[in-house]
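Per TrEMBL, the features are as follows:
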- His134: active site, proton acceptor (ACT_SITE)
- Asp92, Gly142, Tyr297: substrate binding site (BINDING)
- Asp169, His171, Asp258: divalent metal cation binding site (BINDING)
- 25-311: domain 'Histone deacetylase' (DOMAIN)
Amino acid sequence: MASSRVLYVHSDDYVRTCDSMARLPHRASMVHLLIKAYGLLKFMRVIAPRMASHDDLAAFHSDAYLSHFELVSREGEDADLPESQQYGLGYDCPVMEGVFEYAAAVAGATLTAAEGLRNGVCDVALNWAGGWHHAKKDEASGFCYVNDVVLGILKLREQFQRVLYIDFDLHHGDGVEDAFSFTPKVVTLSFHKFSPGFFPGTGDIAEVGLGRGRFYSINVPLSDGIADEKYVDICHSVLQAVNTTFLPEAVVCQFGADTLAGDPMCSFNLTPKGLGQCLQIVLGWQKPTLLLGGGGYHLANTARCWTYLTALVLDQVLASEIPEHQFFPEYGPDYVLEVTPGCRSDTNNPAHLDQVLAEIRENLKHMA
Ligand SMILES: O=C(CCc1ccccc1NC(=O)c1cccc(C(F)(F)F)c1)NO
Ligand SMILES: [Zn+2]
């Protein structure tokens with residue numbers, strides 16, 4: 001990638017705001033400081049994010065939700081207000097004081113990245129602190145308060161006729177799929193764990209979209225233990241088929257890192273190398289591409305993964321040794337960039353994966 005054509009959305013304020021999200025302590029700093037420690041910033045155009053305005057957020061979210069969310073965030077009120085429940089606030093989406101500012105900052109960063117692509121300033125734009133794919137029009141969900149992914153796609157749609165969304169997170173990208181399930185202008189493609197009782201519970205292969213959007217939602221349900229080789233194989237097959245059929249003009253990828261070996265979600269057994277091979281396929285299409293983060297609860301492995309993917313975009317090879325920097329101790333005991341796959345067995349049987357692929361190919365025939 002011609003490096004000056006890569007936009008990296010960052011400011012120290014933005015990282016501090018993202019770090020404040022208690023459930024992911026310092027993850028934003030760990031990601032940024034590892035990218036910096038590997039000397040990758042000089043290859044990118046670093047741009048400070050703008051804050052999303054109320055109108056920006058209202059492009060997708062309802063006024064009722066936004067004003068309630070803003071109210072409880074300002075009051076820092078515990079969210080057992082009756083209406084908080086209906087807006088998904090509380091429990092999975094705790095209302096910490098200032099959480100609205102956090103959500104507006106992340107949405108603004110994803111919009112800043114998308115605007116760079118929309119205006120042709122860059123070919124690839126990165127916002128690793130974005131990717132909150134569960135948030136609904138009028139409801140917070142799964143630790144997601146504002147759906148920055150939907151806002152970014154809507155921004156790209158101002159310029160591009162057809163946008164392909166690819167969700168590599170462990171969890172189904174339900175909020176994004178819901179937002180675009182009725183339109184053929186946006187294909188949502190999600191690879192995720194699909195298992196009884198596993199959050200959010202949607203994303204079965206039979207979910208293909210509705211009305212004029214029928215066959216423009218694609219779901220690849222997977223089971224525990226899948227490792228790089230099989231994951232890359234099915235990704236490659238589905239990505240190539242979707243690209244040649246839908247012919248997207250722009251691509252948005254959510255690279256939630258909770259699929260990695262060692263993640264507390266303890267489900268898939270991927271490594272950054274496997275996700276990197278999936279990213280290489282997308283970059284090979286040479287289309288304006290927005291890269292976002294998402295889940296990822298082993299903080300050091302998440303930083304390893306997104307740093308590795310950033311280097312891949314920049315055609316830079318990174319040394320295995322983690323460079324000395326503030327969070328160096330977090331990378332013990334081996335202090336290397338690579339993530340070692342676990343030894344859990346793969347419960348995905350090949351015949352079933354072939355069946356999944358065949359059904360997706362069949363559905364693609366209906367894509368006009
Ligand atoms: O990763 C997600 C959200 C996972 C989720 C779904 C429903 C309710 C709460 C969550 N978030 C967590 O489970 C979570 C958030 C932060 C840290 C952790 C940890 F305990 F794994 F570290 C777990 N979507 O891609
Ligand atoms: Zn996730």
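Heads up, the Cβ atoms here are built off N, Cα and C, so glycines get one too.
Closest to Gly142 (substrate binding site) in space, going by CA atoms and restricting to the recorded positions His134, Asp169, His171, Asp258, is His134. Candidate binding-site residues: Asp92, Gly142, Asp169, His171, Asp258. Those with a Cβ under 6 Å from ligand 2, in sequence order, are Asp169, His171, Asp258.
Cα proximity to His171 (divalent metal cation binding site) (within 10 Å) is found for the following recorded positions from Asp92, His134, Tyr297: His134. Geometry remark: the residue listed as 'active site, proton acceptor' versus Tyr297 (substrate binding site), CA distance 16 Å. Here the domain 'Histone deacetylase' (25-311) returns a mean pLDDT of 96 for the predicted model. The two recorded residues Asp169 (divalent metal cation binding site) and Tyr297 (substrate binding site) have their Cα atoms spaced 12 Å from each other. With a cut-off of 8 Å between CB atoms and residues at least 6 apart in sequence, the same chain places Leu24, Asp258, Asp263, Pro264, Met265 near Tyr297 (substrate binding site), listed in sequence order. Here substrate is bound by Asp92, Gly142, Tyr297 per the record. The longest Cα to Cα distance in that group is 15 Å. Other Cβ atoms within 10 Å of the Cβ of Asp92 (substrate binding site), summed over all protein chains shown, number 13.
For Gly142 (substrate binding site), the Cβ neighbour count at a 10 Å cut-off comes to 19, with all displayed protein chains included. Neighbouring residues of the recorded substrate site, listed in sequence order and excluding Asp92, Gly142, Tyr297, comprise Arg23, His134, Phe143, Cys144, His171, Phe199, Gly295 (Cβ within 8 Å of the Cβ centroid). Report note: the divalent metal cation site is defined by Asp169, His171, Asp258, and the residues of the same chain whose CB lies within 8 Å of the CB centroid of those residues, excluding them, are Leu170, His192, Lys193, Gly256, Thr259, Met265, Gly294, Gly295, Gly296.
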